[in-house]
Each structure stands twice: as structure tokens, then as C-alpha cells.
Amino acid sequence: MKFKLLLAGSLVAVGAMALLASNINEKEKQRVELAKAPSEAGIAGKEKSEEWAKYYPRQFDSWKKTKEYDSFTDMLAKDPALVIAWSGYAFSKDYNSPRGHYYALQDNVNSLRTGAPVDAKTGPLPTACWTCKSPDVPRLIEEDGELEYFTGKWAKYGSQIVNVIGCANCHDDKTAELKVRVPHLNRGLQAAGLKTFEESTHQDKRTLVCAQCHVEYYFKKTEWKDAKGADKTAMVVTLPWANGVGKDGNAGVEGMIKYYDEINFSDWTHNISKTPMLKAQHPGFEFWKSGIHGQKGVSCADCHMPYTQEGSVKYSDHQVKENPLDSMDQSCMNCHRESESKLRGIVHQKYERKEFLNKVAFDNIGKAHLETGKAIEAGASDEELKEVRKLIRHGQFKADMAIAAHGNYFHAPEETLRLLAAGSDDAQKARLLLVKILAKHGVMDYIAPDFDTKDKAQKLAKVDIAALAAEKMKFKQTLEQEWKKEAKAKGRANPELYKDVDTINDGKSSWNKK
């Protein structure tokens, strides 16, 4: 009996030792794998994220999962007043909530906003509209020079910008350290009196790499001469932060308005009210910095790229969570002690409050534009409408900044609501002035037409979706195919990696529904 017990104990011990040895060997294998690093020369073809996979396989595999975020909301159908607010501008044609990074480049190509160029010198938008979509952009800035990159039409680089947002946008290919790859961010930080990327802590860098794109910006018209002395004009991405950003819980929107007014800048002239307008981009950084998480030093990556554990390996999840509430155990619950359901309820309440003020603000803004258009029709002069247009310009930018980054209501809920209320207030002040102006010109009972559906709003904005869609499909069948053919021939991207990226014929479009 004693012999049997001794034998059993020995077998258990041997088994445990075998498991321990296996575990040690597996951890050693993982350690060696993690110790792999590119040579001092860096990663050849670093713009292709798959070239990083041999060194960082887990990060690459999680990055590929950005493909899973393939749904979107047609924001113009959800909020038709936006069409009136942006009438005469590309956003009145097509505006969707973002999908995963995997789709960012193709969605840019497919958007009605980028038009239907027929060659490298045609189309409505400048090259700057590629800037936040691909690691090929910093490559082109390095190869061609910053001013040359920002000179010309969007279609100029159609066959060159083919790799979607990936490793090389945020990492040094020699060390994998975080790195800013575009020059406008540091210039903006310096203008705001903030530390540059290189001067910042590692924790701050985990937000600043995101701020390369998730910021408010405009295209600064810049005259220059090339090496041959030829005069050229660049449209350079520039951050309007000279009056500060994220101070004392304020995103800096009023400072941006002051900046834009002082340089007499406008993105476009509204085709109904004839107001020189400003279009907010995606100011995620500014609102994060003014909100409680930013003030407490919680980075973008803490919530959107939380650490995950695989065996003995801890790494940052590069799926870039669209909604951290989908993985609360990895993000929220590392700090918060409330239940998941309670936290979800709090976030939902913030969203509902934003939605309410959003509807009120843009209803007033849309009506202010239409009433101004009626005043013009009745004979009101530019001088009579000067204050009205100033209020519309300022009010719409405040409200637009509040919603242009879809997570603002969470990142800085108080600032989001403040700006929506302020924008609505400006629009209402404009409408009160318009009552007097309209009456002066004999219009006593004008009621703005309905714009409660996307179709009604686009008709008022004179947006011909059928014609725009036909032009876009022709572009996709011609010039875009030439781009793809050239990119493939020159080995600029891996067609296999992106074979499913174009979902235009799968109903994943606001204008080409199947």
C-alpha cells in the first residue's frame, strides 16, 4: 500500500514537473519571440503593416480585427438638419459615422465628398484629404517634401496612397517606439504652448499619436517655389491652436473662432444664406483634453487599445476599440468600481442629453440659414445681414465642434452640452434679428420649409444624389481601377490583405444601396 502511494505521488510529481517544464519552455519561446526586433536599418516596406507581423504578430493580428467594425450610420439620414447646415459644401452630399481603420482609406475613396476625378489634376479636393488615412502619407512627405505633398488635387496620389492606417503611422520602424509621422501636430502643440511629442511623457504619447488625426484642422493656403523656381500653392494641414486648447475644461473653440476670424478664413460660402462658414473636422483630442479623463491623465490607448494578456505576454490590443464599452473588463473596470450596467446607464444618459440639444441646435441653425436666404430674396443687403451671418458662422461652428468627433459627449460631456447650447443661442439671436429684417422688407409670415428627412433637406440644398452617384460609379470603374493596377504592378500594397475592403456593392454605402 505504501509502495502504491509512493508510486502515485512520484507520478504526480513527475507530471507536475513536466507541466512546469513545458510552461517554462513556452514562456521562453514567447520571450524569444518578443525579443525579435527589426535591424538597425528598420523594416523594409514599413508602410505595409504585414511587414511588421514577423516582429509583432499579436499586435498585427489584433490590428486586422479593425475589419470587424464594418457598420456605419448615415448621419444625414439620422440628422437631416445637417444637410441644411452644410449646404453648398461636400458634407451635405455624404456623411457617415466612421468604420474601423481597415476601411478608412477605401471609405475616403468611395465618399461622394471626394468627387469623381478623371485624372490626377481634376476633382474638388486637395491632396491634404489623404493625410489622415495612410502610412503612405509620411512616406510621400519624406520623398516629395511637405509642400509638394500638399500641392495639387486629391487624385494626384491615388495610386500611391494604398495602405490603410497601420503600424507605421504611430511607430518607429527601427525600435517600435511611438512616433509622430506628420509635422503639423508638433507645430500645433508649439502654437498652443504645449510640450512637443518628443518632450512629452510616454503616457502622453499614447494620446498624441492619435492626435495626428483626431483633431480640428484647416487647410492653410501657402505660396511657395519649387526647385525650378515655379510658383506653386500648397494647402497645408494646420491646427488652429494659437489661442490655446483644453484649458480649464474648455476645448478652446471660442479661441479657434477668434483665430479663424482674424485671418478671415472660411471653408466655404453657404449657398442659401451666403454666410462664410467654418466646418469642424474631428476634434477628439481637444475634447479629451478638456474632459475628466484627459485631466486625470487617462490616455486614448488606455480605453481604446487596452492591454490584453496571452500566456505570459501582455500587449496593447490594436483593434482600436470603437466603443470601449464593448470591452469594459479591459478598459473601464481597471479604474471604476461601479457595476458595468451602472456605468452603461451613465454613458447612455450623457448620449441622450447630447442628442436632445443637438436636435434643438441644428433645427435653429437650419432655419436661420433658410430665413437668411428668404431675406436675401426679399432684398436685404449684405450690411443688414452682417450680424446675422456672424452669429450663424459662430453658432454653427460651436455646435459642429460639439458633434464632429462622435465621442465628444463622453470625453467632455459638459463642454459638449455647453457648445450645443451656445450654438443654439447664437442661431436664435440670428433668427430674432431676421424677424425684423424680413418685416422691414415686407415679409411678415415666412415659415421655413420642412427639412425633417434627408431627401427633403438635400432638395433644399440642391444636392442631386443620382447624378453624383452616377459620376462616382464611373470614377470607380475607370480611374480607380487604373490606380489599383499601378499600385499592384509596383508592389505598393498587398491586394490579398485588402481584398474585402471595398464594400460599395454590398449595401455598405449611404448612396449606393443594394
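Glycine too: its Cβ is placed from the backbone N, Cα and C atoms.
In Swiss-Prot this protein carries:
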{"type": "SIGNAL", "residues": "1-21", "note": "signal peptide"}
{"type": "BINDING", "residues": "H101, C210, C213, H214", "note": "heme c 3 binding site"}
{"type": "BINDING", "residues": "C129, C132, K133", "note": "heme c 1 binding site"}
{"type": "BINDING", "residues": "C167, C170, H171, H318", "note": "heme c 2 binding site"}
{"type": "BINDING", "residues": "E216, Y217, K279, Q281", "note": "Ca(2+) binding site"}
{"type": "BINDING", "residues": "Y217, H282", "note": "substrate binding site"}
{"type": "BINDING", "residues": "H293, C332, C335, H336", "note": "heme c 5 binding site"}
{"type": "BINDING", "residues": "C300, C303, H304, H411", "note": "heme c 4 binding site"}
* To do: Report, in whole Å, the straight Cα-to-Cα distance of C303 (heme c 4 binding site) from H336 (heme c 5 binding site).
  => 12
* **Those binding-site residues of C132, E216, Y217, H282, H293, H318 having Cα within 10 angstroms of C300 (heme c 4 binding site)** => H293
* Starting from C332 (heme c 5 binding site), work out which of the binding-site residues listed here (C170, C210, Q281, C303) have their Cα within 10 Å, and give them in sequence order. => C303
* Structure fact -> Across every protein chain in view, the count of C-beta atoms other than its own within 10 A of the C-beta of C332 (heme c 5 binding site) is 19
* From C167, C170, K279, C303, H304, H411: binding-site residues whose CA lies within 10 A of H101 (heme c 3 binding site) -> none
* **Collapsed DSSP category at H171 (heme c 2 binding site)** => strand
* **Cβ-based neighbourhood (8 Å from the centroid) of the heme c 5 site, residues H293, C332, C335, H336 excluded** => V298, C303, S331, M333, N334, L343
* May I ask which residues of the same chain, at least 6 positions away in sequence, place their Cβ under 8 angstroms from the Cβ of C210 (heme c 3 binding site)? => G284, F285, C300, A301, H304
* **Neighbouring binding-site residues, C-alpha within 10 angstroms of K133 (heme c 1 binding site) - of C167, Y217, Q281, C303, C335** => none
* **Assigned element (helix, strand, coil) containing K133 (heme c 1 binding site), judged by DSSP** => coil
* Using Cα positions only, nearest of the binding-site residues to Y217 (Ca(2+) binding site) (C129, H171, H282) -> H282
